[in-house]
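What TrEMBL records for this protein:
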- 185-293: domain 'UBP-type' (DOMAIN)
- Cys209, Cys212, Cys229, His242: Zn(2+) binding site (BINDING)
- 334-856: domain 'USP' (DOMAIN)
- Cys343: active site, nucleophile (ACT_SITE)
- 650-691: domain 'UBA' (DOMAIN)
- 722-762: domain 'UBA' (DOMAIN)
- His818: active site, proton acceptor (ACT_SITE)
Amino acid sequence: MQRRGALFSVPGGGGKMAAGDLGELLVPHMPTIRVPRSGDRVYKNECAFSYDSPNSEGGLYVCMNTFLAFGREHVERHFRKTGQSVYMHLKRHMREKVRGASGGALPKRRNSKLFLDLDMDDDLNSDDYEYEDEAKLVIFPDHYEIALPNIEELPALVTIACDAVLSSKSPYRKQDPDTWENELPVSKYANNLVQLDNGVRIPPSGWKCARCDLRENLWLNLTDGSVLCGKWFFDSSGGNGHALEHYRDMGYPLAVKLGTITPDGADVYSFQEEGPVSDPHLAKHLAHFGIDMLHTQGTENGFRDNDIKLRVSEWEVIQESGTKLKPMYGPGYTGLKNLGNSCYLSSVMQAIFSIPEFQRAYVGNLPRIFDYSPLDPTQDFNTQMTKLGHGLLSGQYSKPPVKSELIEQVMKEEHKPQQNGISPRMFKAFVSKSHPEFSSNRQQDAQEFFLHLVNLVERNRIGSENPSDVFRFLVEERIQCCQTRKVRYTERVDYLMQLPVAMEAATNKDELIAYELMRREAETNRRPLPELVRAKIPFSACLQAFAEPDNVDDFWSSALQAKSAGVKTSRFASFPEYLVVQIKKFTFGLDWVPRKFDVSIDMPDLLDISHLRARGLQPGEEELPDISPPIVIPDDSKDRLMNQLIDPSDIDESSVMQLAEMGFPLEACRKAVYFTGNTGAEVAFNWIIVHMEEPDFAEPLAIPGYGGAGASAFGATGLDNQPPEEIVAIITAMGFQRSQAVQALQATNHNLERALDWIFSHPEFEEDSDFVIEMENNANANIMSEAKPEGPRVKDGSGMYELFAFISHMGTSTMSGHYVCHIKKEGRWVIYNDHKVCASERPPKDLGYMYFYRRIPS
């Protein structure tokens, strides 16, 4: 055991203490040392406040009471706040193997079981590097160090606790199989799978079961290349179970579902293990049968996107493949590792933290946010936003290789391990919890995640500052009745401009018509599809479609049960500081099959929407009477809550599934059925059409009093972050100051139990009087605003904008494919492709999905 005079200095000398001395040293701290229980999360991979890990220079400190981890820069903060003294210090040392007879060889790995289940270093070449793992107990504030393992000298409880921490599983693996955190188990057959050298090559299309005529629900056996039908897994589209029969006959264990193969993976099933599995060598196993996984995208109809030549080009153009891109390093040039279909989150967060208001709100308030974080900072939105923002902007995790390493790489043509971006795993775990879509491991819509994030920012406002206000604007909608010519003006708050794709304005209509005829013929005759023709749409036509859409057509009039068709026009009642434009590329056909418009739109670098300023009621216009709107819809949800509240557990699931099969988000379908009182799918469908553009459309159903996601036992949390008075009264009744109660609740998202923990962990509350006054004044202002509404918060200004970022999507659906972000920094475009950050050579501005514009001061 060693004692250090100052933390993190080089350990000095010192004699070895006897076992009794160690036990005596630990006696005062024994009540604070816990053995992890089954429900505890043990964080061994990263710091709660930063992206430090056991690989970092200072290693990682795991609290032996809370099992939270802290880097060298933040462990003292946790000690001062909680008084917890005993931490386990984890450090992984990495060195190159010594090659050649003269140099000898290092041991392959020492203490190999210390860091069991450490999810890191997967990008390092194990043939080139050796690891030495080190663990020790550190006792604060004197910084005593006790090397581990030390079974003979440590008390039994301490030894058991240390062993449990070292052998604990990843905190992101839950029991719920539907959550993204539960990674599929690796098949025990994957590493040594036998593949027959029988010359089988799988064609890109035209698949059929080898034992029957089925052309759907087909599975490729990874041992002999047999294509056979199935019916036991993933869907109920029918099948004769020939894939399972083949396994029983031959014993070949693994199969992959055709049509699901993408660069991100595929659906793999193990007959022997009776469940879905992951295959880390899937690309190699598919290549055995002539399938290039990295250039394949799955489709529903059995055709790969490889058959559509231009669709592959979409991937190449957007990712700027074939161009030698220069890597970028330093502050603002840090990538985000892909956790498995998490590129939608990465792209949105890169764009968000390129906005100064978000940088100031979180990274600019880093000391205050971290100091006032709850006892478990992993469960606090503002803490995790600040952590992510600092990780992206500090440059601490984006450092270029030194010159000697660069020269060596060029000479050896090999890649040396460098900082490979930061992992947003802790951030994603928090922002997606209780959300059925974002908590899954499936691809999601970047636009829906953007609105979800805005909602979280609104609900977790820091004092009076709300950075999401930069996106807020008012839309004036004008509806004119086609029969009476009377009008109605309404206003609503929005956060993005949804721009329709004006396909009728395509400048290459003849090419599109010719392609459609050839495509239909090819599908009928099961031949490869022709080269896809991308529609070229003028931006001006899309802008016109937004401002003045066509009359309600016959199909939608019938679907919406419209009494009288009307013409709706939209104008800006205010212009936001930052304008987010979404190109509505994704839609549903009349058969409710999702589809994506493959279009090229000449998005401008400078955008002027001044002519879309709202004008209000014009001379000569007559307002419609204040009765029900032209479209007949069910009672408003609030009235139904007051008059006919049903138990959420009584929701008609059959109606929910009918709507979900049409392609609507599951939670939106549940809300539609709930708010229409279980009156059937048709009425619920009308509710969806009316509410589908609302920011919280796909958010989980939250009913005050039922404790659902997003609900509070004392009522729903307001967007102004004002704590409910009922909870404030409970805390003040315990003898605490009102200002203390308000601050604690605002710091813990209005959670009563966490707020009490926060109060007890902040005895220095009165010292930061300025912050207290700010929080109290904000709370009082919110109370006054309830009595006298001040209207929506908007930052109106000119309608002139400049493009500074855009997010592009590759693939056929929002539920598949890949997202990439381009951002203009320091006068040049930069591409953010997961962990790779490079200077852009040809930014594909015409193929974007979401565009971010900043207002040009007038």
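FYI, residue positions are counted from 1 along the chain as it appears here.
Glycine residues also receive a Cβ, built from the backbone N, Cα and C atoms like all the rest.
Shown on the structure are the features that TrEMBL records.
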residue : record                   : contacts (Cβ under 8 Å, 6+ apart)
Cys209  : Zn(2+) binding site      : Arg215, Leu218, Val227, Leu228, Cys229, Gly239, Asn240, His242
Cys212  : Zn(2+) binding site      : Cys229, Asn240, His242
Cys343  : active site, nucleophile : Gln443, His818, Tyr819, Val820, Asp834
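Neighbour count (other Cβ atoms within 10 Å of the Cβ, all protein chains): 23 for His818 (active site, proton acceptor).
Mean pLDDT of the predicted structure over the domain 'USP' (334-856): 77.
Across the domain 'UBA' (650-691), DSSP helix (H, G, I), strand (E, B) and coil residues number 30 helix, 0 strand, 12 coil. Excluding Cys209, Cys212, Cys229, His242, which define the Zn(2+) site, the same chain contributes Ala210, Arg211, Asp213, Leu214, Leu218, Leu228, Gly239, Asn240, Gly241, Ala243 within 8 Å (Cβ to the Cβ centroid), listed in sequence order.
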